[in-house]
């Protein structure tokens, strides 16, 4: 299965990368895209300054969100778990809005760190409320309730301190609009987390077998859980800091991938990054081309695809 | 559990008094033009046509308070009915997707066909809420009964997320209507006028009376579907009728003031603490408590960043969300 | 003694279920842990497999505290088959069995030729070789139990700890399993297993350990342990002890 799926996924990804460069408010033929990379050409601005960084960003963010989802689902053994269902993304959002409204003059490049703190606190909060022995559905509901709490705090902050409400709103819907090379360079350091995540592939396989078996096979279950949740939180926070919470991606991508390539994390983790990148590129492409020149936030597109998928999952979960 | 065991009549009397006091405070507090407490009273029964303050009370504040009372009572009653029908302590209009569905219906109609006017958008809100509620009940397998509490809530959450995303998409695509829809989404009593009151109160009265009629049957549902059927309850009709009432109550409230969340979740639990498990008693208590809560948070929403107003819905969400978490933690799901 | 407990108390949430147990596992034997429900036999087994940390006392492996030994090294010595297992999604039978080799593989979990030989062997021995390419989630309960057993065996450890390995199996597979345990025992493995069926334990095991309310009541050869008074004391059963006509082992018949 895996050997057949991987090349197809790679080809799809390449095709979508190209499509994202070509289509939008203006269509640019394939030949002129290569020219567009040269300074001074007709489409230089559109291709090099606008579409290229955005496309790369969509690819990376999609991959990172999907990876975070796979890590969380891997250790919690819960098909309904994902950073956004567990309230981590909303926690990051709350911290970021808090930062933007109380320190309006502060350096924007601190935003990822602030979002990271927020999502860490959200993760700790969930851990504290649920402990280790909660049932899967109870954990998901607690996460959802926490997310509702953070969302209402965000609303409240934005109403009380309506400084840059438009900016914050735009950011909170989860969008790639207006993101460029600057944001891309802010994201780059966080890519270092990816090899660490892949390094966890083998123990993640074993934790899938239950804690007892995993420990008996020589895995330190609690340390592993901590490590992969920490990486997942880091990945989510950095993405949320740059694009805002893009819902359901971390939930859907690992699931689809498990259907395609099976549950071995050595294959699952890299493939889920491909699937995540594909999904976000697709969502962004649709968001830009559905009704040009108006753009929908990509986060809305992922929610429209993701929520029905979540419902379908819910029907299947016993 | 805290139980304040006043006799039922005493509880009712106390709540009515409380409601009157809250309403009175709401009539005169935090106004740009100074209103004295006496102005507020005079405006009610002995209006002085010269006084601007009394005009404000009569034309702006009074309908606002009255609508707040009705909205609170409606949402609380809807919450009680939903929790009774699903036997789920977390059931409420906001958690089970009715608010989001109504918002979607309303946003769609007002941006695609704005010429329908108030009646059209109200109808759209009711239909949207109804569709969302039907989906949640079907997907959460609540029609079959049983103890699938968590599933129902998660289905509600997912439907809400879907509706919210679609609503945002509609708002963005039809930009020119966006501002109106956005204010409405937050749930605020700012725009409550006599005009709204006139179209709201008949539906409200019918809905609340219907709720009282269904209360004895809700008592029987507590015994479980099978036992209720044994006692001669037609489950099908009760559930359909109950759902219809919920839509009537929530739909009319939402189309008057927007999506106010958490009242339906919060109040039934408070009412149960006060009046016990008998629906015939705690339903009226819940209505009065709901009214108190909405009037109070509307007053707070005017004062908290005075002179600007925050939507009352935001205040309620801040109170309601921690309570939601508390419920999830306390109940075994 | 290689595996022993010293004044060991273990439990959940501050409540001791196994109380101050001193026990040495005799090497090279098949040992059955017996006792009524809730007596602490699974808890004791989990403590010996370092799944649970002691509240008091220690578990020793070759004279050293179990929790001081590197977990990978220990995983090459001790393997546990837990009582209940999750049903992993999207995992094939052969992949699951291969996971048993992970204490020996590198960080990416690559299976080399020697590993593959062991995997094929255990799959043949447990009779699941024809299921190799199926998904674990699609198997029946009994088949799944054998797949998990195969995974534990693939760990290729001198000590095997099994928690009710016959659960979900039909009678013929139960007998097959017990024969397989005997065969593994002849290859030099020490096997500690929790069993419910007293007669099965008496017939196939060399050594019985009987527990009641977190304490060890008696231990020894089946002939000395299996008595009418023990059955009365521990299980509250009125039973007679007869000799098994085929295996010549003791056998209890409930009155």
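Cβ from N, Cα, C; glycine included.
All annotation found in TrEMBL is predicted automatically rather than curated by experts.
Look at TrEMBL and you will find A:51-72 (among others) tagged as transmembrane segment. Long-range neighbours of the transmembrane segment (A:51-72) within the same chain, counting only residues 6 or more positions beyond its ends whose Cβ lies under 8 Å from a Cβ of the stretch, are 13, 17, 20-21, 24, 37, 81-83, 86, 176, 179-181, 183-184, 187, 190-191, 193-194, 197, 200, 204, 228-229, 231-233, 235-236, 238-239, 242-243, 246, 249-251, 253-254, 257, 265, 268-269, 272-281, 284, 298.
Residues or ranges marked as transmembrane segment by TrEMBL: A:84-102 (among others).
What TrEMBL records for A:108-129 (among others) is transmembrane segment. If you look at the transmembrane segment (A:108-129), the same-chain residues 6 or more away from its ends with a CB under 8 A from one of its CBs are 83, 86-96, 98-100, 139, 142-143, 146, 150, 186-187, 190, 229, 233-234, 236-238, 240-242.
According to TrEMBL, the transmembrane segment annotation covers A:141-160 (among others).
The transmembrane segment annotation in TrEMBL covers A:180-201 (among others). Distant neighbours of the transmembrane segment (A:180-201): 49-50, 53-54, 56-57, 60-61, 63-64, 67, 71, 74, 109, 111-112, 224, 227-228, 231, 234-235, 238-239, 241-242, 264-266, 268-270, 273; these residues of the same chain sit at least 6 beyond its ends, with a Cβ under 8 Å from one of its Cβ atoms.
What TrEMBL lists as transmembrane segment is A:226-247 (among others).
Taken from TrEMBL, the feature transmembrane segment covers A:267-287 (among others).
Listed by sequence, the residues of this chain that lie at least six past the ends of the transmembrane segment (A:294-315) yet keep a Cβ under 8 A from its Cβ atoms are 58, 79-80, 85, 170, 173-177, 243-249, 251-252, 255, 279-280, 283-284, 286-288. The transmembrane segment annotation in TrEMBL covers A:294-315 (among others).
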Quiz item: For the transmembrane segment (A:141-160) and the transmembrane segment (A:84-102), does the number of C-beta pairs under 8 Å, pairs 6 or more apart in sequence, reach 3 or more?
Solution: yes
